[in-house]
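**Q** For reference, Swiss-Prot lists these features for the protein:
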type     : residues                                                        : note
REGION   : 1-28                                                            : region 'Disordered'
TRANSMEM : 43-63                                                           : transmembrane segment
TRANSMEM : 97-117                                                          : transmembrane segment
TRANSMEM : 180-200                                                         : transmembrane segment
TRANSMEM : 269-289                                                         : transmembrane segment
TRANSMEM : 309-329                                                         : transmembrane segment
TRANSMEM : 333-353                                                         : transmembrane segment
BINDING  : 361, 365, 398, 403, 410, 411, 450, 454, 455, 456, 457, 458, 465 : NADP(+) binding site
TRANSMEM : 424-444                                                         : transmembrane segment
């Protein structure tokens, strides 16, 4: 893509509106962003994930298909010689052209909604921010524009799904789970294809060469990505599309398909399935309602686009984030009223903490600190950082509200919600609890990784901030 085609804008201020201040080169802070070199520990982790993550997804899905979602039974069969990985693999449904057609129609439909239907909901929904929005400043000092229309895409998709189930009957509501393992093949094909395309594109025709980072290691470059914001044309942004669509839009449809399968098999839908559908739908709708805010999060602001995001959004997210609903298809559980109420309360309290924490940060950014947090004017620490174009920018780190309790209370709320999904499945099997285990590892790692980047970005200013807010996730604990 030629430079004249790039969608970018240079600002004199930071994302929160502060003004740029020129400094002497000797006094400038180090340039922020991902490191140019990779250590052996990170490289080992990358190779391990490249080899192990696809196997883990297949193992969990096949364990549900052949062992009612038990993890121990297939392992015992393997240990006792009653089965081999080859025999388990052979018993699983294979790729089908019917599933390929379903998935191709699905992805194409989401591309059309993303590219061809400009957002109109922001014109009629008070408080909703959609349409063309600016992203955060990249390490090279660029600010990309995005068409934020995820909520609209989600609503159109689900209205059509409900109309089909109730009136048109073009396809069965169980179409997703009925083709679940063949669809796993299809999502893997797309995940590897888009990751490989992004890898090659970074070498041949990067969107913004200033934001590309080559570590010198092919495995790390492929896994973690080279381009920061790869695009095709002016508006098709790989990060925004593949993270939100087709994965997260599909999340609630997959859960609805699970519920329909429960109804088909047993003649009823359990309260546990309803809880999982409702709590996860709240999270999904929240994501799309706040999609403009998502443009300022770590996925967009720090992560380059590689296999980690490309394959992860196509395969890992839709198959492993929905494990609770899949488990309940094979193991229908009717929870007691106190148990169901406890799960609901935990999930809603977790969502409240997650949402209010993010709202406080967004409000603080939009008003440049001229607002009220918990009835008081927020306190903050002013920081500075340097982008690759040499400009010095100001930023403010809030130390009030939930952000004064711990540095990542939004993650704390997220983990509470994740635990609620798992507790809805009872305690007979480990598999539905994989999600809380994974999310704990992911978010703790993100805490450490994000803070390492912030330390590099802000230097001594970050030390002042961590002295003011001592804990990461849990006050007085961690």
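Placement of Cβ uses the backbone N, Cα and C atoms for every residue, glycine included.
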**Q** My understanding is the cutoff is Cβ-Cβ under 8 Å with a sequence separation of 6 or more in the same chain; which residues meet that for residue 455 (NADP(+) binding site)?
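**A** 462, 463 - these are the non-local Cβ neighbours of residue 455 (NADP(+) binding site), listed in sequence order.
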**Q** Which residues of the chain, 6 or more past the ends of the transmembrane segment (309-329), have a CB below 8 A from one of its CBs?
**A** 53-54, 57, 60-61, 64, 69, 177, 180, 184, 187-188, 190-192, 194-195, 198, 225, 238-239, 242-243, 246-248, 250-251, 254-255, 258-259, 261-262, 265, 270, 272-273, 276-277, 280, 299, 303, 421-422, 424-425, 429, 431-432, 434-435, 438
**Q** Excluding the flanking five residues on each side, which residues at least 6 beyond the ends of the transmembrane segment (180-200) place their CB within less than 8 Å of a CB in that stretch?
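**A** Distant contacts of the transmembrane segment (180-200): 54, 57-58, 61-62, 65, 92-96, 98-100, 102-104, 107, 221-222, 225-227, 230, 238, 242, 305-307, 310-315, 318-319, 326.
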**Q** Please report, as numbers and ranges, the same-chain residues at least 6 past the borders of the transmembrane segment (424-444) whose CB is under 8 Å from any CB of it.
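**A** Distant Cβ neighbours of the transmembrane segment (424-444) are 60, 63-64, 69-72, 272, 275-276, 279, 320-321, 323-324, 327-328, 331, 333, 335, 340, 343, 408, 411, 414-415, 418, 473.
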**Q** Under a criterion of Cβ-Cβ distance under 8 Å and sequence separation of at least 6, what residues of the same chain contact residue 465 (NADP(+) binding site)?
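**A** Once residues fewer than 6 apart are set aside, residue 465 (NADP(+) binding site) is near 381, 383, 397, 399, 407, 458.
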**Q** Who are the long-range neighbours of the transmembrane segment (43-63) in its own chain, taking Cβ under 8 Å and residues 6 or more past its ends?
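**A** For the transmembrane segment (43-63), the sequence-distant neighbours (Cβ-Cβ under 8 Å, at least 6 residues beyond its ends) are 69-71, 73-74, 88-89, 91-92, 180-181, 184, 188, 217, 219-220, 222-224, 307-308, 311, 315-316, 319-320, 323, 326, 431, 434.
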**Q** Checking the spread of the NADP(+) site as listed (361, 365, 398, 403, 410, 411, 450, 454, 455, 456, 457, 458, 465): what is the longest Cα-Cα distance, in whole Å?
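**A** For the residues that bind NADP(+), the greatest Cα distance is 22 Å.
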**Q** If I restrict to non-local contacts, at least six residues apart, and a C-beta distance under 8 angstroms, what lies near residue 450 (NADP(+) binding site) in its own chain?
**A** 298, 302, 408
**Q** Using DSSP with the three-state reduction, classify residue 410 (NADP(+) binding site) as helix, strand or coil.
**A** helix
